[in-house]
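Asks: After the structure tokens below, expect a handful of questions from me.
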């Protein structure tokens, strides 16, 4: 009887899709290490592609004045 309960418990645990798996896929690094996988990009981010888990690969927007910084 104990074995039956143990086997039933193990099979129920293995059948469930554990939420830990989705936490690993959430906020994963993409874009050669410069972006993050998100369900939806934030307002200060650009969507640069798709992650393997079908989330958007979001890159943070940059300040253009920093890119053209030339000292006079």
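Glycine is no exception: its Cβ is also placed from the backbone N, Cα and C atoms.
Swiss-Prot feature annotations, pasted as is:
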SIGNAL    1-22  signal peptide
DISULFID  30-57  disulfide bond
DISULFID  37-51  disulfide bond
DISULFID  41-58  disulfide bond
Asks: So for residue 57 (disulfide bond), how many other CB atoms are inside 10 Å of its CB?
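Replies: A 10 Å sphere around the Cβ of residue 57 (disulfide bond) contains 22 other Cβ atoms.
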Asks: Out of 30, 51, 57, give those disulfide-bonded residues positioned within 10 angstroms of residue 41 (disulfide bond), comparing C-alpha atoms, in sequence order.
Replies: 57
Asks: Among all protein chains shown, how many Cβ atoms are found within 10 Å of the Cβ of residue 58 (disulfide bond), not counting that one?
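Replies: I count 24 other Cβ atoms within 10 Å of it.
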Asks: On a C-alpha basis, identify the one among 30, 37, 51 that is nearest to residue 58 (disulfide bond); the candidates are the disulfide-bonded residues.
Replies: 37
Asks: Cα-Cα separation of residue 57 (disulfide bond) and residue 37 (disulfide bond), in Å?
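Replies: So the Cα of residue 37 (disulfide bond) lies 5 Å away from that of residue 57 (disulfide bond).
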Asks: Under 8 Å between C-beta atoms and at least six apart in sequence, can you list the same-chain neighbours of residue 30 (disulfide bond), or say none if there are none?
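Replies: When sequence neighbours closer than 6 are ignored, residue 30 (disulfide bond) has 36, 37, 49, 51, 57 within Cβ distance under 8 Å.
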Asks: Give me the count of other Cβ atoms within 10 A of the Cβ belonging to residue 37 (disulfide bond).
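Replies: Looking across every protein chain shown, the total is 21.
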Asks: Measure from the Cβ of residue 41 (disulfide bond) and count the other Cβ atoms within 10 Å, all protein chains considered.
Replies: 19
Asks: Measure the Cβ-based neighbour count of residue 51 (disulfide bond), defined as the other Cβ atoms within 10 Å of its Cβ.
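Replies: Around the Cβ of residue 51 (disulfide bond), 18 other Cβ atoms lie within 10 Å.
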Asks: Helix, strand or coil by DSSP: which one applies to residue 57 (disulfide bond)?
Replies: strand
